[in-house]
């Protein structure tokens, strides 16, 4: 440890102690908050089922930065490289299209066997795994409908895919000793004016009930459902709207997924957390950065990321909120994208843990909004960076931008050879 780092750390401890914050306790709490990294940043949501197929479902990965992962071994190597540069506990979030098999596997026939390599890798790296059925980029989703499809045969295919995915998720939780959160998102919707908005939602309701009908151990598996405002090609009507899924999660007591990019640009999910927590047992967050639409830009340490973290910490939601990331930028180094976004999420959590929340609540209750605003703003100038650097030091990760040199070296030695 350098003398400069030690001095900054000691000063930070004193400064935060002056406002009633124990920085050691803050770091202990930060180690209680794993962030689930999304595998699909590493290959632009291509997966291994049909890597050359086109991405559908109203989502886009833009850019053509060289060196994307072409198979599971490369993707795991890239993830390991990124994770070495991110301090603290982490998980990995997988989609069903990241299965491994020597022969083609229909999505309604996936089994834990197709993901055993991921489980062994997770064990070796002390990671939890989360999961998602992949209801997109498939011939049977080509017309824009899956679980709400009017064709019974097609709808049943997607029901069976989601049921098979739940068993994979439960396998993850059983093997790794930590529950897998399995999130269901579907692209179902219509491009233009929709006459019958009710029937697809009735079909989706019944389909979801069938999907979750098999009772699984909650210590191994958690169901979550995710809404969206619109997607490309589904601008006018989305079957799985916010109202639909909030009602579903409330009535069925599943987890609700809030994605930062899945609402109107004037809405923020930080404001939705406390409301939803009154009705649903758990929340899954997809922290992202929408630029004018659900563009899934790399997460910044911006006001909304900070507000999301603050809501979790201020209301002590550590055991009820699962933090995941969801972005995919193919225009920059993909490992750097993981590192930047995940470190920013963890920085936001640390800053939230260093807030004198009890004092702020006292001022708010007393109606002293002047002091509340003053303290909130002065808090931003306290030396949280020194606490972050110590956290990185203790987890053997680079504290500052020197992590970028590690990425550049990996890019030169590994990524550049992929073509």
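Using N, Cα and C of the backbone, Cβ positions are placed for all residues, glycine too.
Annotated Mn(2+)-binding residues in Swiss-Prot are 294, 296, and among 220, 221, 262 the one listed with them is 262. For the binding-site residues 294, 296, the largest tally of other C-beta atoms within 10 A is found at 296. Taking all protein chains in view, 25 other C-beta atoms sit within 10 angstroms of the C-beta of residue 262 (Mn(2+) binding site).
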